[in-house]
Amino acid sequence: MGHSVAWLLLVAAASTLAAEVPTDVSMGLLAEPQVAMFCGKINMHINVQSGKWEPDPSGTKSCIGTKEGILQYCQEVYPELQITNVVEANQPVSIQNWCKKGRKQCRSHMHIVVPYRCLVGEFVSDALLVPDKCKFLHQERMNQCESHLHWHTVAKESCGDRAMNLHDYGMLLPCGIDRFRGVEFVCCPAEAERDMDSTEKDADDSDVWWGGADNDYSDNSMVREPEPAEQQEETRPSVVEEEEEGEVAQEDDEEEEEVLDTDQDGDGEEDHEAADDEEEEEDVDEIDAFGESDDVDADEPTTNVAMTTTTTTTTTESVEEVVRMFCWAHADTGPCTASMPSWYFDAVDGRTMYELMYGGCGGNMNNFESEEYCLSVCSSVVPTDMPSSPDAVDHYLETPADENEHAHFQKAKESLEAKHRERMSQVMREWEEAERQAKNLPRADKKIVIQRFQEKVEALEQEAASERQQLVETHMARVEALLNDRRRLALENYLTALQQDPPRPRHVFSLLKKYVRAEQKDRQHTLKHFEHVRMVDPKKAAQIRPQVLTHLRVIEERMNQSLGLLYKVPGVADDIQDQVELLQREQAEMAQQLANLQTDVRVSYGNDALMPDQELGDGQADLLPQEDTLGGVGFVHPESFNQLNTENQVEPVDSRPTFERGVPTRPVTGKSMEAVPELRMETEDRQSTEYEVHHQKLVFFAEDVGSNKGAIIGLMVGGVVIATVIVITLVMLRKKQYTSIHHGIIEVDAAVTPEERHLSKMQQNGYENPTYKFFEQMQN
């Protein structure tokens, strides 16, 4: 009897609770009003009393293309609520059994979409929970009225600037339909995020949910109230099983009807072939949702062309796994010949969206009709700051030098350039976006925008140059220390071999060669360091030039003294005299090569006051006495001369500020990354591997000077044409000058009088005697 009374009381309490479900959000609803759309499917909305997703009441409404239309649809499906605005949800949700229009039953299909929240009554900002070690922040811009996506990006970047992850966020100050003037957000450290994730996993089986015991059948409804952490996140839907104990009678009836729909032979059991056919047909319907574009406006910004899968699990972990599987799929247009612009999410390239011409079928499912929804779906499962490898530059600067110094330096150099390229790419994208937004601005405002980005680019270039200079100087100092250690060790071994009793000449000569090679590398490092400083900072090079020459003289003296010790040991120098002479010839040859190399370098950079030809020649004469045996600054061993990328070589960089290399103005939009040439800041090629800095070059205004090579060729061609015209004109004038008028050939007798001779000349020039002419006319 007691059990019956308890059961009746429980039923009465449940009935009372159901009857008292309020219709005003301020009084509390079991679920927040939301609508979800998937083109080709019937619109879905949440039943605020049960928390379940239900299809459109009319069974005809599908995806809507405008925010005003979405607001109107919210008002239609929730007539009892005062819907005043809509806003995108922060997280995608999974909806089970979402059928295409015209179908009543479908199973085992989960669709992941980003729903719209229908805001009730006067706007009230979301109550965000701030866990331990987290920070609550907000930003408002009264002169801006931006979308949900814009403010989500602002919050995400703000957390990233603080080396934290975006935990939760909400909109502030509505200024239109799905438009706002600010955002509030919570940033948490990565460790706190992981702790909260583990706490949520432990609480997955909990039935605590604001609204009652119906949470087993709810679908990821977002309740934004100041509740505990496990209530702040999406509620965990569970799998609905046919044999679950305590299942309500209504669910049993629906399951029986579904089995009967697939029971074609009347045996009372589900026909698996029919079910498989239905699933295959549903798969075709889903492909049509991606492939058919005739019925869908490509410009609809709210079309949730999301992703589908054939799994029955609906835990939050499985939803994130499905989203990750599709969002991380590689770009594939498919075999079909359609050409539909879409967006795909590149998780490898810094969570960036790229445009993709989707073929309509057979391609990857990672394609979205707008960048907005691509980011909304895919960014939910990607942390704000993806785990990145430790900064190689910091690691290099903090780690002491070892035998792998050159390899560590190369790795740090590549990391530095990659970071610089990433920064420049980000600025380029921001510049292009600002350019698009500034098309209708006055010319003065455009100039301000251009100047701001010019300053930003220049600051990035100067920062990168400073970091490069620090990296190279550190590498030079470490190489010098390593060379000193090697030289000291080689000299100690050489002296030890000389002091042996009796000494072994061949062994002594071998150690002497090692010591000489160490001195050569020290000298080569010193010269390269001076050339680098002379290139990037001539004033500093002028200051250190005396120290460089002194160091080279010290190297020469040490080598001469070491060779002198060889002749103090009886019998050793005589046994290896031939090798010593060969070493002397190599010294002379390498000295000449070094002199030529120095001359070439000086000419390539232009004659300057630091290293004039005559002065350097005198210095070489002083430092390279030919009568010395192994001494001389110019001595370079064949095994180490002009050797590429050895541990003793330092590769100079161009660390000059940007204004010395040309300041960019603005990027040109619409160019592929392959078409954008590389901006290469490089030093002269001095027969050694040099520090070449490659990054993507911003292509700027047309007034920037183009290729000088084309201008030179044009001038040369023009000069040749002008010279040809002048020559032809002179020839023609000269020919005309020597041309005379002749009406015939007249023989002149040498015995005639001067008067007759003069008359003959006049007749040659066309003179006619009027008397003769008169009589000729009379006779005729």
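For all residues, glycine too, the Cβ spot is worked out from N, Cα and C.
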**Message:** Tell me which of CYS106, CYS175, CYS187, CYS188 Swiss-Prot records as disulfide-bonded to CYS145.
**Reply:** CYS175
**Item:** Matching range for Swiss-Prot feature annotation, region 'Clathrin-binding', among 1-4, 317-320, 517-520, 769-772
**Value:** 769-772
**Swiss-Prot annotation, disulfide partner among CYS118, CYS134 for CYS188** = CYS134
**Fill in**
Of the ranges 137-142, 191-196, 389-394, 767-772, the one Swiss-Prot annotates as motif 'YENPXY motif' is 767-772
**Prompt:** Can you tell which of CYS39, CYS74 Swiss-Prot lists as bonded to CYS63 through a disulfide?
**Reply:** CYS39
**Record Swiss-Prot, residue CYS118, disulfide partner from CYS74, CYS187, CYS327** = CYS74
**Request:** Rounded to the nearest Å, what's the C-alpha distance separating CYS145 (disulfide bond) and CYS63 (disulfide bond)? Just drop the number here, would you?
**Result:** 25
**Least Cβ-crowded entry, counting other Cβ within 10 Å, from the disulfide-bonded residues listed as CYS145, CYS327** = CYS145
**Message:** Tell me which of the disulfide-bonded residues CYS63, CYS106, CYS134, CYS188 ends up closest to CYS159 (disulfide bond) in space, Cα to Cα.
**Reply:** CYS188
**Fill in**
So MET171 (site 'Required for Cu(2+) reduction'), by the Cβ count within 10 Å over all chains shown, scores 26
**Request:** Fill in the CA-CA distance, CYS63 (disulfide bond) to CYS134 (disulfide bond), as an integer in Å.
**Result:** 38
**Fill in**
Rounded to a whole number of Å, the separation of the Cα atoms of CYS118 (disulfide bond) and MET171 (site 'Required for Cu(2+) reduction') comes to 13
**Request:** Go ahead and report the DSSP secondary structure tallies for the region 'CuBD subdomain' (132-190): helix first, then strand, then coil.
**Result:** 15 helix, 30 strand, 14 coil
**Message:** Taking 10 A as the limit, how many CB atoms besides its own sit near the CB of CYS134 (disulfide bond)?
**Reply:** 21
**Item:** Under 8 Å by Cβ from CYS74 (disulfide bond), same chain, sequence gap 6 or more
**Value:** PRO33, VAL35, ILE83, VAL86, TYR116, CYS118
**Message:** Please identify, from the disulfide-bonded residues CYS63, CYS106, CYS118, CYS159, CYS187, the residue with the sparsest Cβ neighbourhood, meaning fewest other Cβ atoms within 10 angstroms.
**Reply:** CYS106
